[in-house]
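Going by Swiss-Prot, these are the annotated features:
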BINDING   Asp199, Gln211, Asp213, Asp215, Asp250  Ca(2+) 1 binding site
BINDING   Asp213, Asp215, Tyr249, Asp250, Asp261  Ca(2+) 2 binding site
DOMAIN    38-152  domain 'TBDR plug'
DOMAIN    155-614  domain 'TBDR beta-barrel'
MOTIF     26-33  motif 'TonB box'
MOTIF     597-614  motif 'TonB C-terminal box'
SIGNAL    1-20  signal peptide
TRANSMEM  169-178  transmembrane segment
TRANSMEM  184-195  transmembrane segment
TRANSMEM  217-227  transmembrane segment
TRANSMEM  232-248  transmembrane segment
TRANSMEM  263-277  transmembrane segment
TRANSMEM  279-296  transmembrane segment
TRANSMEM  328-337  transmembrane segment
TRANSMEM  385-400  transmembrane segment
TRANSMEM  403-417  transmembrane segment
TRANSMEM  449-458  transmembrane segment
TRANSMEM  473-490  transmembrane segment
TRANSMEM  517-529  transmembrane segment
Amino acid sequence: MIKKATLLTAFSVTAFSAWAQDTSPDTLVVTANRFQQPRSAVLAPVTIVTRQDIERWQSTSVNDVLRRLPGVDIAQSGGAGQNSSIFIRGTNSSHVLVLIDGVRLNLAGVSGSADLSQFPVSLVQRIEYIRGPRSAIYGSDAIGGVVNIITTRDNPGTELTAGWGSNSYQNYDISTQQQLGENTRATLIGDYEYTKGFDVVAKGGTGMQAQPDRDGFLSKTLYGALEHTFSDRWSGFVRGYGYDNRTDYDAYYSPGSPLIDTRKLYSQSWDAGLHFNGERIQSQLVSSYSHSKDYNYDPHYGRYDTSATLDEMKQYNVQWTNSVVVGHGNVGAGVDWQKQTTTPGTGYVPEGYDQRNTGVYLTGLQQLGDFTLEAAARSDDNSQFGRHGTWQTSAGWEFIEGYRFIASYGTSYKAPNLGQLYGYYGNPNLNPEKSKQWEGAFEGLTAGVSWRISGYRNDINDMIDYDDHLQKYYNEGKARIKGIEATANFDTGPLTHTVSYDYVDARNAITDTPLPRRSKQMAKYQLDWDVYDFDWGMTYQYLGSRYDSDYSAYPYRTVKMGGVSLWDLTVAYPVTSHLTVRGKIANLFDKDYETVYGYQTAGREYTLSGSYTF
């Protein structure tokens, strides 16, 4: 049972993502309602990934972390650094809100979608992943779910890591966290990653011209943070990070024209915050700035040639979030202000434009006996399309101790991005995409097995589609998504099991055809065990068949790509109390498959790494 005393205690401790840590036996979550609460009190399905999980899985990318989670389906045009899309519960990749330390990821500004193939996994200390609508709390984009990547580190000392692997993979990382006096803590991280990659274009009948090359990826990252405690009530932080990435890829081209097959991405982010932690009241003010420059070009001509394209975006954010303990729960309220600016000459937005958004939200959670009630409402005032309101409500009933029924309903929306509004084929009269979602779930603890079964429906209207004849974007699409999600985790002796199954029927509501690149069924299984100090891990994933389009001829045709079963194997061994060595075999049985038509994925890959702490 969710004890009232537990709730009251959790609501009165430090809140918000910059300070969120696993300090409670009942893990605390910030992202669900923008105030800290026990995970057991969150009515929406939530998954938490820690830095220890990432190291155990030996993940070399954020996509490799997310693909293991319930409801997540990733389509990628090749290997490391290649363009990728994240589908949560069948929604578009633009319907996933990605936050970095609670702040919207800047790279989604022009394209409208967050491509996490470019974000360094070395910076990720924790991920809080919420499924379902969250626009009533966060505003635009939070239709399918929210992924909050938290970079705040709480690991004093220094760690050196080096890794090597297939396709000339190399990774070198140094991170340190030191106390500067009694009340100040400093963190520094530097990371270098390189791989020659492989030829991502699939062989035979895809319509792509032969480009027999290796499509590699290079990333350099630097991160720094200062945290200071002024008193028992007040604390603050300053943080900055940047990365410089280069990706080689294969693209369509015309003989005699430049071949645009190289991407160069520069990204930097800075933020500062001040936090008040009272006995019953918490308040936080955060201001942030981010700037990204995304070039696509032919390396023979350079990124400043007239044939090159540039997407340049600046994003400014101010967030004021507050929460107060009320009764056996919490009430939260806050204001978000955001400004996105494009620079003249941006590839898809040739002139300079800016878009402002101010959002005001109110959330509440109460524990009334065996019932948990949750509600939220938000109003956004956007400089392009005016005001838009969203709301959601959920109720949980613990009808037997340890067993709970949950019902929820919520509205959400996706604002048109700057490319759709002001690009060469843009339409400044676009309206937001709108969603209505229902979900019912049972969850419980049976004989040591923690489980949850959910059924949901999502109706999305005014979807923004490109009209081939009019050569403009219009609000003319509709989608209907129905799904079932089941999750479970349990221990059997030294073995830890994590299981999930997803059935997703995502369809165009007008043509009744499947939405592209989504698997209809997914099954995922993670097994971890310790034997004589060896930490073993095995991952199994079944990805069902999916549909895509073959654009090699006009009119294009729909193609079906078959399902696949994938196995990964990992092992780690602590040679000493300071030195740990790790090894991994990904795609153990060397399966050949595609998640984007015409682009092959990696075959069997090996990695070996070691880390030394002091």
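Backbone N, Cα and C define each Cβ position, glycine as well.
Projection of Swiss-Prot feature records onto the structure.
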residue : record                : DSSP (3 states)
Asp199  : Ca(2+) 1 binding site : coil
Gln211  : Ca(2+) 1 binding site : coil
Tyr249  : Ca(2+) 2 binding site : coil
Asp261  : Ca(2+) 2 binding site : coil
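Around Tyr249 (Ca(2+) 2 binding site), a 10 Å sphere centred on its CB holds 24 further CB atoms from the protein chains shown. Note: the Ca(2+) 1 site is recorded as Asp199, Gln211, Asp213, Asp215, Asp250; in the same chain, Val200, Val201, Pro212, Arg214, Asp248, Tyr249, Asp261 also have Cβ atoms within 8 Å of that site's Cβ centroid. Listed binding-site residues: Asp213, Asp250. The one with the lowest count of other Cβ atoms within 10 Å of its Cβ is Asp213.
Across the domain 'TBDR plug' (38-152), DSSP assigns 32 helix, 35 strand, 48 coil.
Within the motif 'TonB C-terminal box' (597-614), the DSSP-based counts of helix, strand and coil residues read 0 helix, 10 strand, 8 coil.
Within its own chain, the transmembrane segment (184-195) is flanked in space by residues 60, 79-80, 120, 122-123, 153, 165, 167-178, 216-229, 241, which lie at least six positions past its ends and keep a Cβ under 8 Å from the stretch. Separating the Cα atoms of Asp250 (Ca(2+) 1 binding site) and Asp261 (Ca(2+) 2 binding site) is a whole-number distance of 6 Å. For the transmembrane segment (473-490), the neighbouring stretch richest in Cβ pairs under 8 Å, chosen from 169-178, 217-227, 263-277, 279-296, 449-458, is 449-458. Listed in sequence order, the residues Asp199, Val200, Val201, Gln211, Asp248, Ala251, Thr262 complete the 8 Å Cβ shell around the Ca(2+) 2 site centroid, once Asp213, Asp215, Tyr249, Asp250, Asp261 themselves are left out.
Ranking the binding-site residues Asp199, Asp215, Asp261 by the number of CB atoms within 10 A of their own CB puts Asp215 at the top.
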